[in-house]
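Some notes on the structure that comes next.
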């Protein structure tokens, strides 16, 4: 069984220590009552993977691990087959001992768009909400973060993360918990909170923004990446049954409306730093994700529209700050 005790020990003497009042019981309940029908199969694939210590590890420019001596053909094939038991791989890519996991999304492209606008991540404690398999957490560590904590209730993502971690020498600087943000208490302890590709899946987007704010320490930075539409501060698309074949898309605001929402929730220094149309080069079917992808969700006659007739996916990145309090300012002045 995937073990979270290392994480509990890690946060016991940190600003996250009060999380231990609820977290172990939540994880234990998940292990007893909420396991996916294929979870044991996925977990066995992780267990059968060797724990490898990289001779060369690059998390700054990619997620790449290499050994001093290449794996034998048989050893590499065995590792690759175990990793393929965890398909589909959606977020990446990863290059692990000569095995290139070509994921559905080029998440490295998103990271390259976001990174120039971030405050220095050196020494920061970070929360990544809806972190998927954890690709961006490894890039956060590569950029100098002290600790990256991801939450995502999708259990396949947890097993993918644990598989990658095992092949990175059981690196303890990143951790993934199988929870949704609504299960977190107001920790107010993270220096940076990322929410990328989550907001449009929330039935109440303003509640989500408040939940993100509740996780930030005073003065902390929010990095919000989400679908948007063109328009002014009053523009919000509410799709019908589906958007780009996704059923669970509720609200897609304009970037200007989203900026106003953040300000309404009490964030300051709100700025739109990037907007980019998602291309079929960035999200596509691969050997590691063989089902439908973006090309199947766009109008074949007009790729500026989804198959339902809505504007094609446009994603914006917004950076915002949680205000300092008198108490936090006094503490920093000491």
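For all residues, glycine too, the Cβ spot is worked out from N, Cα and C.
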Subject >> Record-annotated carboxy-S-adenosyl-L-methionine site (Swiss-Prot): member among 304, 315 besides 91, 105, 110, 130, 152, 153, 154, 181, 182, 196, 200 >> reply: 315
**OP:** Could you say whether, by DSSP, residue 154 (carboxy-S-adenosyl-L-methionine binding site) belongs to a helix, a strand or a coil region?
**Re:** coil
**OP:** Can you check which residues sit near residue 200 (carboxy-S-adenosyl-L-methionine binding site), meaning Cβ under 8 Å from its Cβ, same chain, 6 or more apart in sequence, and list them in order?
**Re:** 226, 227, 243, 249, 250, 251, 252
Subject >> Densest Cβ neighbourhood among 152, 182 (binding-site residues), 10 Å radius >> reply: 152
**OP:** According to DSSP, folded down to helix, strand and coil, what is residue 91 (carboxy-S-adenosyl-L-methionine binding site)?
**Re:** strand
